[in-house]
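Step one of this worksheet: look at the structure below.
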Amino acid sequence: MVGIRQYGVFTWVFRTFQLAIDTIVLALASALVNQQTSGGSPGKINFSVAVGSFAILTFFLTAVGRFLPTILGNPWLIAFYDFVNWVFALTGGCCIAVAIRVHACDNQKYLDRNHYTQGSMRRCQELKALCFFLWFMFGLYVASFIVQIFIAKNDTPNYTFRGRGRGKGSGPAVAPRPVMSAV
């Protein structure tokens, strides 16, 4: 079965930890959307909901790949999922960090003027937690992507193709022609 080696114990423990962080990101972002009092939810928080949802979806696609290794278990496809999650988590972390401008949550003047905190210390703390978990998620997916690239490279057949005929290491071996004395 192609791509089975990626499902070692370490990988599953790591992916389960990623799922826990993804769930926390989704829960925090959803709570912020639910608590929004006026003007609808800001797009940056909605994007964070999408980041958490997509990461959970790709976890389950990876898990299904265990049972369908030729379709969803391709190590390059899983590396692509990790890369996309990496980019989404980076984007979400940057967006939330820019939105909250990282001030102290006990500064009432800051809380009242910031559109995202809406005067609430609780929302400020939840936004800071969301920012932290998005950056932590980013780090996890960078590590996962690097590991997955090594797994994918080891699962890919190693053929070298050269423009000049057959040489050592250029492909499958060819039997030599029989000589007259061998007939």
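Quick reminder: no glycine exception, Cβ is built from N, Cα and C everywhere.
Topologically, per Swiss-Prot, G8 is found on the same side of the membrane as N74.
Residues belonging to the topological domain 'Cytoplasmic' (1-8) score a mean pLDDT of 51 in the model. With helix defined as DSSP H, G or I and strand as E or B, the topological domain 'Extracellular' (30-44) counts 8 helix, 0 strand, 7 coil. With DSSP classes pooled into helix, strand and coil, the tally for the topological domain 'Extracellular' (97-131) is 21 helix, 0 strand, 14 coil. Below 8 angstroms of C-beta separation, residues 52, 92, 95-96, 99, 115-116, 118, 120, 123, 126-127, 130 of the same chain, each at least six residues beyond the ends of the topological domain 'Extracellular' (30-44), sit close to that stretch.
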